[in-house]
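Enquirer: Here it is, the structure in full.
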């Protein structure tokens, strides 16, 4: 494999073409990514430059042909007499052997110092000298060597190069080099203008009307390059995509966009539509979907994001998780394009306080008080149970008030709360992840201080249950149980579950009260005959108290009939 095959250039390529091709191939074979390919490319590049320099030196050593400027010709008068013998005009000579070298020299003279401004004049001069074919062929070589884009466009437009109407005697290798240069220039222009939708659309329309792209291969090349440029554009424009689709007919069945670029364009269009919809939803905060979109897609400050999380409910966080899963599965590119989608930004704002710890601790504290302060002092079991349930309701109301107070204070002091949790949270609580000290733990401590008013045993029972529940929260079994409970209650809303709990608690309290009221009393309690009550109150009796009273003991010795009038 020689240097020209590695570079992808013909053997007569000049130094400018070699350097341009080397810059293009260098993007594919970077030293840090493909060192072997870069080494081969570098060696081929050096050899190609050496060949080009040697060729240029050989051309410079050849003697140049000096051309004298042509004097303006006078109009030739028509010859009416056959006796006049004028020399034959070399420009109109019928002998091609005599006219070809002279026409080539005239064409070279017309090409000297050619610019887009004097192109029409030089072309008219070449036609006058009858060397238009030589002028066109020399112009083709001149465009390949000089690289004047404006002059090349004028020549392509006039001579219809790279189209079915071009001259068939033009060198095929030169035309292929011209096609490569034009496609390379068009691709660079498309790649540069992807950030400007108006410029890109204007360039696409220009290439659509370009004569050298009217062939079937040219149309396919343009369609593919437009698709690649749109797929690799740093900023997506849906309106530009729709305009290009309408221009190329990609959405029709007649002109399909080449794969895999069409699939990538459709995915990017769907991703942009999804992002636009989420940004529109983020402008409102009246639904769970809009609040979740604002949390995940809006560029908010830390202060604004935390304050937004204060308004989130359990359903809002579930919508956030579902939205993130949708992005992760269907639009993973958005994870790099939208930094706020990073779960490390919004997931720590979700606080899941223990649901069962405080209620269980309140029930345990109330049961402790009923056992030591009521039942052991002579209260009945049903009476102790009734007072325990009523006390749980009272404790629950106080706990709700303290929780509201702690939440309000935590919202106003959330920077301090976050700082305390970050530096001392693992020492202040056994739960993992650690709760916020002010917002989530302060009201629990205040509730324990309130329960101290009912006795040390009550407070110690409350603290012990809270501690056990915190240790239980660190175990994997607790998370599995919580997951099973969440799946069990996933079909019911929070209001339904709360109503069911209250609906079961209130009848239980009323039933306990009814049972306590109608329960049979033990011996020597309740309404009894006066003598028997006196007898039951005596500590020491010489005679045992009778189990049944007779009439005289109930009514005395005097007959009740004697008192009748």
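Glycine is treated like the rest: Cβ placed from N, Cα and C.
Curation does not apply to TrEMBL; its annotations are automatic.
On a predicted model such as this, the values are computed, not experimentally measured, just so you know.
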Enquirer: When TrEMBL marks a stretch as transmembrane segment, which of 337-354, 355-372, 409-426 is it?
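Expert: Among 337-354, 355-372, 409-426, the range TrEMBL annotates as transmembrane segment is 355-372.
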Enquirer: In TrEMBL, which of 274-295, 296-317, 384-405 is tagged transmembrane segment?
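Expert: Per TrEMBL, the stretch marked transmembrane segment is 384-405.
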Enquirer: Out of 232-261, 442-471, let me know the one TrEMBL marks transmembrane segment.
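Expert: Of 232-261, 442-471, TrEMBL gives transmembrane segment for 442-471.
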Enquirer: Between 204-227, 492-515, 516-539, which stretch does TrEMBL give the note transmembrane segment?
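Expert: Among 204-227, 492-515, 516-539, the range TrEMBL annotates as transmembrane segment is 492-515.
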Enquirer: Over the domain 'J' (2-61), what does the predicted model average in pLDDT?
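Expert: A mean pLDDT of 76 is what the predicted model shows over the domain 'J' (2-61).
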Enquirer: DSSP-wise, what's the residue breakdown of the domain 'J' (2-61) into helix, strand and coil?
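Expert: Going through the domain 'J' (2-61) residue by residue, I get 46 helix, 0 strand, 14 coil.
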